[in-house]
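Asker: So TrEMBL says this about it:
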| type | residues | note |
| --- | --- | --- |
| COMPBIAS | 39-56 | compositional bias 'Basic and acidic residues' |
| COMPBIAS | 78-87 | compositional bias 'Basic and acidic residues' |
| REGION | 22-67 | region 'Disordered' |
| REGION | 75-94 | region 'Disordered' |
| TRANSMEM | 190-212 | transmembrane segment |
| TRANSMEM | 232-256 | transmembrane segment |
| TRANSMEM | 268-286 | transmembrane segment |
| TRANSMEM | 298-316 | transmembrane segment |
| TRANSMEM | 337-354 | transmembrane segment |
| TRANSMEM | 360-380 | transmembrane segment |
| TRANSMEM | 392-411 | transmembrane segment |
| TRANSMEM | 417-435 | transmembrane segment |
| TRANSMEM | 447-467 | transmembrane segment |
| TRANSMEM | 479-503 | transmembrane segment |
Amino acid sequence: MNVGSNSVGNNHLVDINEVLHEEEEDHNEENSNISTIADKPDMRFNRPTKNREIKRPPRKFSRQVSLETGFSVLNGETSKDKNERKILGRSGKSFGGFGVNGTNGIEARNKGDFNMFRTKSTITRQSSKIPLRKESGIELQNNNAKGGLGDHVKKSVPAGRYFDALTGPELDQVKDSEDILLPKDEKWPFLLRFPIGCFGICLGLSSQAILWRSLALSPVTKFLHVPLFINFAVWLLAVGVLVAVFITYMFKCALYFEAIKREYFHPVRVNFFCAPWIVCMFLAIGAPPKTAPGTLHPAIWCVFMAPIFFLNLKIYGQWLSGGKRRLCKVANPSSHLSVIGNFVGAILAAKVGWKEPGKFLWSIGFAHYLVVFVTLYQRLPTSEALPKELHPVYSMFIATPAAASLAWGAIYDEFDGLARTCYFISLFLYLSLVVRPNFFTGFKFSVAWWSYTFPMTTVSIATIKYAEEVPSFITKALALALSFMSTTMVCILFVSTLLHAFVWKTLFPNDLAIAITKKRYSKDKKPLMKSWTKHSPLSFVTSIRKHNSGDKECASEDEK
């Protein structure tokens with residue numbers, strides 16, 4: 001900058017011009033001797049300027065670094081054109097990328113970065129292919145501030161955050177006052193949009209295989225002459241869908257393990273981790289007679305029941321010990337899945353010839369069913385009230401007592417009083433939902449709709465068993481009616497699923513529930529620097545002086 005001082009009349013002028021080359025600056029320095037000007041009344045402005053006053057200090061920097069350039073370096077931003085300058089917003093709502101939407105800088109930078117949910121080994125393999133380079137001090141400081149890629153994502157989200165940030169019967173909808181780590185208006189990768197709830201499709205198809213096996217072999221429906229080929233076709237379809245869903249979810253575990261962890265810590269979705277093993281037991285129970293022997297090997301029961309047993313130890317232990325995941329806090333209709341697994345395991349245990357383990361599982365399942373049923377019916381004051389609209393997952397209410405009746409009949413080889421009691425409970429709950437058709441409308445199709453199929457099929461199978469013990473026109477008609485309704489529901493949902501998945505491509509929307517932040521960042525939260533700008537320097541200094549004077553007065557009082 002070239003600074004010259006001229007005095008015209010009584011005005012003191014300063015000429016500021018940008019110098020483009022250092023040669024011009026040197027030339028101006030040599031010819032910068034200021035001569036005295038005409039005498040004026042005020043001699044303070046007429047004093048000659050000495051050479052020592054205009055000498056500049058030695059230049060330590062060849063260029064100036066602007067404010068926005070500094071924050072660009074801090075944010076790790078690069079530009080192909082070095083002369084390109086980023087304009088800093090003047091709105092006052094941003095400060096170099098900090099305080100965006102009330103969140104911190106790390107979350108603002110990670111916004112839209114799907115790698116934060118990737119498996120650590122995958123990120124390491126990708127990073128090993130990048131050539132090493134020497135990082136500057138600013139970049140090292142920036143990496144330390146980040147704490148690694150997605151370090152704030154890899155930590156488990158507390159159970160209370162899911163209830164604070166999400167809403168809905170399955171806690172799958174983000175509240176308007178919450179922000180998420182990934183963009184809502186951008187389509188996420190397919191594996192991130194593939195939820196654990198997809199195993200509900202397998203539950204519906206595998207239970208249908210058992211239903212058609214019962215219709216073909218039961219003496220009550222012998223007059224229908226149902227061929228076993230239908231059972232074989234449905235069983236193969238269920239096996240194929242299970243393999244496809246299982247492989248897809250294994251790819252998700254390998255590539256996006258952090259998303260799997262968030263689903264596992266989700267108070268509702270943790271129950272769906274029992275679903276794959278329940279499906280496998282369904283397929284073992286409903287296998288066609290030509291492909292399966294009369295008595296299955298006990299190793300099959302051990303392999304399929306072990307994961308459910310360990311999950312029960314975890315889930316029931318949390319219900320018993322209390323804390324954030326106590327039953328009165330996390331109880332929801334999906335909690336029946338962890339209970340149903342015990343009854344299905346009891347049925348398979350009876351089928352392989354192990355009656356005592358079957359009784360053990362039945363007692364565990366029945367004890368926890370009573371607790372879950374009472375908790376959901378009573379809705380303690382510590383938990384939120386269920387919404388008025390009927391969600392498909394509420395049909396789980398009728399699945400558990402129906403499975404309990406079937407398990408008791410399989411263990412003791414008769415459909416006695418206790419089995420009938422459980423069956424009547426499920427039948428009453430079934431009718432209480434059917435007589436309210438308004439509750440079944442107004443919902444957007446999703447994978448959760450498959451929750452209707454499995455309970456309806458279970459009640460249908462229990463009705464067939466009851467009709468075998470109490471044969472009459474009413475029981476036979478009821479068994480046929482319920483079987484027809486469950487099969488029709490499965491067919492409708494299967495066609496709708498294919499259309500939404502392959503034609504309309506709307507079956508898997510963004511799974512917002514896994515992208516919530518560990519801590520709440522209010523959208524209305526003001527940045528820290530903004531509060532500093534509201535005060536002038538004079539008021540800030542005045543406040544410091546008042547604070548210091550107050551300290552001195554306190555010190556003098558202490559001395560006295």
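A Cβ is built for glycine as well, from the same backbone N, Cα and C atoms used for every other residue.
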Asker: Using a Cβ-Cβ cut-off of under 8 Å, list the residues of the same chain that are 6+ residues beyond the ends of the transmembrane segment (360-380) and lie near it.
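Answerer: Same-chain residues near the transmembrane segment (360-380) but 6 or more away: 305, 312, 316, 319, 327-328, 331-333, 335-336, 338-343, 345-346, 349, 386, 397, 400-401, 404, 407-408, 411.
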Asker: So, taking each listed stretch (190-212, 268-286, 417-435, 447-467, 479-503) in turn and counting its Cβ pairs to the transmembrane segment (232-256) that are under 8 angstroms, which one gives the highest count?
Answerer: 190-212
Asker: For the transmembrane segment (298-316), give me same-chain residues lying six or more residues beyond its boundaries with a C-beta closer than 8 angstroms to one of its C-beta atoms, as numbers and ranges.
Answerer: 270-271, 273-274, 277-278, 280-281, 284, 338, 341-342, 345, 348-349, 352-354, 357, 361, 364, 368
Asker: Which sequence-distant residues neighbour the transmembrane segment (337-354)? Criterion: at least 6 residues beyond either end, Cβ under 8 Å.
Answerer: 271-272, 274-275, 277-278, 281-282, 284-285, 295-298, 300-301, 304-305, 308-309, 311-312, 315-316, 361-362, 364-365, 368-369, 372, 396, 399-400, 403-404, 406-407, 410-411
Asker: Which bits of the chain, at least 6 residues beyond where the transmembrane segment (447-467) starts or stops, bring a Cβ under 8 A of a Cβ in it?
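Answerer: Beyond its ends, the transmembrane segment (447-467) has Cβ neighbours at 170, 195, 197-198, 200-201, 203-204, 207-208, 210-211, 214-215, 218, 220-221, 391-393, 395-399, 402-403, 405-406, 409, 415, 419-420, 423, 426-427, 430, 475-476, 478-479, 482-483, 485-486, 489-490, 493, 496-497, 507-508.
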Asker: What same-chain residues lie close to the transmembrane segment (479-503): Cβ under 8 Å, and 6 or more beyond its ends?
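Answerer: For the transmembrane segment (479-503), the nonlocal Cβ contacts are 201, 204-205, 208, 211, 215, 220-221, 224, 430, 445, 447, 449-450, 452-453, 456-457, 459-460, 463-464, 466-467.
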Asker: So if I exclude everything within five residues of the ends of the transmembrane segment (417-435), which remaining residues of that chain have a CB under 8 angstroms from its CBs? That is, six or more out.
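Answerer: For the transmembrane segment (417-435), the sequence-distant neighbours (Cβ-Cβ under 8 Å, at least 6 residues beyond its ends) are 390, 394-395, 397-402, 404-406, 408-409, 455-456, 458-459, 462-463, 465-466, 469, 482.
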Asker: Checking distant contacts: for the transmembrane segment (190-212), what same-chain residues at least six beyond its ends satisfy Cβ-Cβ under 8 A?
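Answerer: Answer is 114, 117, 170, 182, 226, 230-231, 234-235, 237-238, 241-242, 245, 248-249, 251-252, 255-256, 259, 263, 269, 272-273, 275-276, 278-279, 282-283, 285-287, 447-448, 450-454, 457-458, 460-461, 483, 486-487, 490, 493-494, 497, 508-511, 514.
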